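As annotated by TrEMBL, domain 'PAS' applies to 14-84, 137-179. What TrEMBL records for 88-140, 205-257 is domain 'PAC'. What TrEMBL lists as domain 'GGDEF' is 288-419.
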Amino acid sequence: MEKHILSNVTLQADDERYRKLVEQVSDWIWEVDANGVYTYASPQIEKILGYTPDEIIGRTPFDLMEPDEGKRIGPIFQYHVANKLPINSLENINLHRDGHEVILETSGSPILNDEGECIGYIGVDRDITERKLIEQKQKQLIEILDASPSFIATLDINGNSFYYNPAARNILGITERNIQSVTSRWMTDFIKNEGIPTAIEKGYWKGETTIINGDGIEIPVSHMLVAHKTENGTVEFLSTIAHDITERKELEKVIYNQAHYDQLTNLPNRRFLHKKMATIIEDTTDKKRVAFLFMDLDNFKSINDSLGHEIGDQLLVMTAAHLESYVEKNDFICRYGGDEFILILEEIWDIESIKEKTQRILEAFKQPFEIEGHTISVTGSIGISVYPDDGKDFLSLITKADNAMYRIKQDGKNNFSIE
């Protein structure tokens, strides 16, 4: 009798410990009969679905679902019961007491009687709503990254990449399998030495630079690097996004060329000349001279009028090419307007060297031009001013060179004069 009493006391103690354990578990533990009717629900159901255990007992899981979800889950549950199979991580959508959706992950084991018949299930439901939302956001983020035409990558603090989106892989000419083979090969020294250290120090870096594609060609990009830090402030990894700005750069180049180059001869124009002169005046010392040559083609108007503007234009183009071939690398030529050209000779130390260079330029025009069956002889008159002797500003220099050029025109042309 005493043993029987002790046995009951022990069983009651075990049941109490089991009950307390179940109540402390954050998941909802349940039991249903063979018809799916709840016969037990742990207190955690109230935190998960807003119902007390008493409100749940006597109901089925399908009472807590939208009809369509119940139709989806019902056959799955019936199949498991009929085959006495455990339920493993079955995701299903339930309705909270206040109406919002709660995603549960259901696992359970069949309860068998002595005859081996399934008389119910005991199991556990875990609220995975937050996890599914995170997974959904991650999926959306991956879809965005995959669809983005921008170069996107993640890398360690040494610049070794461990993720590239499809656009980046396409630019680098790699597949997902050989991502590790490219490491930091796409980076220029500027990104390695300037971009990454700045991002690590300040949290981010952005600017215009280039990345190297799979063919070794540098692509101009608008680039941003962001340092991702742990809670203690240590940089864990960096992410980078780069937009290909090749088309923009090409357009900028076209606009720049249109603004700074003569469209007929492709020589620099007046605007470019003003910038060049400003740079020269700023950089040149008083001990070094710069010659400013103002050249006007002799009798160009009569050639243009007699042979036509197309021949005249071709003559200007050939004159520009001729001048370029007879000056040195550091010299500057521009079309100032009409049949006027300006040459700037920088490597000048005395007046005699200016005269020698100018004479070579004039002698270059002794050979006539052949244009559409016409043999055209052309000469030039050149006026010269010298920086800093004749002035230290653009207006003074061009005025004196222009005056010197007109004196040559009056004295017979095809010559030069130094102001």
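Placed from the backbone N, Cα and C atoms, the Cβ positions cover glycine too.
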For the domain 'PAS' (14-84), residues assigned helix / strand / coil by DSSP: 40 helix, 10 strand, 21 coil
Same-chain residues near the domain 'PAS' (137-179), Cβ under 8 Å, at least 6 residues beyond its ends: 185-187, 191-192, 196, 200, 211, 213-215, 219, 221, 235, 237-244
Counting by DSSP secondary structure, give me helix, strand and coil numbers for the domain 'PAS' (137-179). 22 helix, 9 strand, 12 coil
Taking the domain 'PAS' (137-179) alone, what is its mean pLDDT? 86
